[in-house]
Amino acid sequence: MGQEVRYRVRGGHALHGTAFIQGAKNAVLPMIGAALLASKGRTVLRNVPVIEDVRRALELAEYVGAKVEFHEAERTIVIDATGLNDPNRAVLPASIASRFRGSVLFIPALMHRMGRARIEGVGGCNLGSRNLDFHYRGFARLGAEVTEDPERKHINVKADNLKGGRLYLDTPSHTGTENLIMAAALTPGTTVIEHAALEPEVLDVIEFLGSMGAKISGGGTGFIKVEGVSELTAVEHTVMPDRIDTGVFAMMTAATGGDVSLVGANLDHLGVARWKLEQMGVQFTQQGAVLRVRRDPNVPLRPINAVTSPFPGFATDLQPPLMALATLAEGESYIREAIFDGRFALADELNKMGAKIEVEGNRAIVHGPSELHGTKVTAHDLRCGAGAIMAGLVAKGETIVSPAYQVDRGHSHFATRLSALGADVVREEVS
């Protein structure tokens, strides 16, 4: 029998103190892919989150021929991609890609450096009908030849005759926007991306690529223009703070009635989530690079209505922890998931703990307040796992959340950081 890695949470402890917010997962992953576009120099990325998705990305980078150093204690990555020239290594193997959805972010580098790419599987969070077709349609619009085998075992991309073109995203996906910008950066001619994402992470990736020599304009407007250049050069860059990490810690502080200072957090990056949390009774104070979050435990949380939408709207990645927080509010909360279907997996787990949540299609009705009780729950995906741990912080008794891997994909040293704030959280291996 193999080892199970899980989180064990004992509730009843308010969070107090100081926590450091990690670098942004959704910025560093495309930056690792973009670093492979550099034919000169060594890329240095700082403020890198020590998470499983970063480790998978670096495994892929090494697999295709890059030299990689991950200095975890310093949260720094060094990537030398000057040796990416063997077309036989232009493969993203299922052994890694099936566990790591961000593997699609490596296709632009393989297209430009090796002339082709093959992806044998995609992984990450299981979110309903979410798929990657729009990435491949974008590559094809730039002149790539994209073919899929009959049994969907892998996808082949050939890039012999790339040229700039006009691209349109049906939904303003941050991953899709970043990927198409990377594909366009070394493609001859002018590429225009309409309905592009506005997320802060996209702007950080654009800044990174611009430092490398890419010619990109229109970031933050939804209409991005890329003038192809002949080469990109490696640079040093500090990754922005993770706004989802910020939101999760803010909600955990609110749930426990705590008072926490989040170092490196940026309140503006929360978008609508900031206003929704304030409506519930959460207080924010930004002083320089420190965001103070507090909630009076003697004042009940107010119920909320929230609809997920692209930035600056309410982030879909914060919807599961918001659901957990809403179980504590006095009254009915209504949450509509407008980005991904199948993202209410946490509802069943919270109901096991004593919550009263009804799911009707893409809408959840949370009847609060509920007294939560610890039990064994499943982390169906990364954000579901974070929401379950959050519920465990306020539940009576002990909550077991597994597999830990899902949470580890997106939150670095989660148990350590929570324990430093007074929580009783342990990440453990059991037979």
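Even glycines carry a Cβ here, placed using N, Cα and C.
Just so it is clear, the model here is predicted, and its values are computed rather than measured.
Listed by Swiss-Prot as binding UDP-N-acetyl-alpha-D-glucosamine are Arg101, Ile339; the candidate from Asp80, Asp86, Asp317 that the record includes in that site is Asp317. In the three-state DSSP scheme, Ile339 (UDP-N-acetyl-alpha-D-glucosamine binding site) falls into the coil class. Lys25 (phosphoenolpyruvate binding site) and Arg101 (UDP-N-acetyl-alpha-D-glucosamine binding site) have their C-alpha atoms 12 Å apart, to the nearest angstrom. Residues Arg101, Asp317, Ile339, recorded as contacting UDP-N-acetyl-alpha-D-glucosamine, have a largest CA-CA distance of 17 Å.
Cα spacing between Ile339 (UDP-N-acetyl-alpha-D-glucosamine binding site) and Asn26 (phosphoenolpyruvate binding site): 16 Å, rounded to the nearest whole number. Put simply, Asn26 (phosphoenolpyruvate binding site) is 11 Å from Asp317 (UDP-N-acetyl-alpha-D-glucosamine binding site) when counted between their Cα atoms.
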